[in-house]
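Q: As listed in TrEMBL for this protein:
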- 12-31: transmembrane segment (TRANSMEM)
- 63-85: transmembrane segment (TRANSMEM)
- 106-124: transmembrane segment (TRANSMEM)
- 130-152: transmembrane segment (TRANSMEM)
- 164-186: transmembrane segment (TRANSMEM)
- 192-210: transmembrane segment (TRANSMEM)
């Protein structure tokens, strides 16, 4: 992107417009074709909708839904490891996470770390439970981002920014996300409590790997040797 200050806001606005319009039209089609009972009790609203409209297209709809799910998964696989990579570059996660594979130029260890965590979540609970935890984490992250945005707009209003957003947008997002989090706590407090516990579990890792500067010599040597072993094992080097 050559001119992010000009092109990024346009791309975001255009994407939001397309997505919001598509979702509104799709949901309008669902509600005008299916009854509320059918929608609530359906395991796949898209397939039931297709059966009502033109049943021979049911198989094609299944394929399109699968492709859409795979696309969302690919986007997550590409994006999530980069969060750990970017955090490591700014000193917010272990240095080993900022290393890239020699050939593929990807944060290899960050990919494996998230893959292992996903497998643990997958084999220790139902997929629905996993989605609830992921949703809670997403809303919690969005609330923190909105608060940081508003804080810096208040404390540093004159700082140069590549592009600006109207202050009403983060305020609206903050109110909406707080409402969603409150509703989640009211409807399923156990899932929210587990999600918050998992988030708090990262504090000891951050303290040991990042905040704790005066580590014992033996422990620091252990961390250094572990980093070297992982670097050789995954064929990685520190990104420039």
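Just so it is clear, glycine is given a Cβ too, placed from its N, Cα and C backbone atoms.
Curation does not apply to TrEMBL; its annotations are automatic.
Since we're looking at a predicted model, the values are computed, not measured.
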Q: Sort out the residues at least 6 away from either end of the transmembrane segment (164-186), same chain, that have Cβ-Cβ distances under 8 Å to it, and list them.
A: 9, 135-136, 139-140, 142-143, 146-147, 149-150, 153, 192
Q: Taking a Cβ cut-off under 8 Å, which residues six or more beyond the ends of the transmembrane segment (130-152) line up next to it in the same chain?
A: 121-122, 159, 165, 167, 170-171, 173-174, 177-178, 180-181, 184, 188, 191-192, 194-196, 198-199
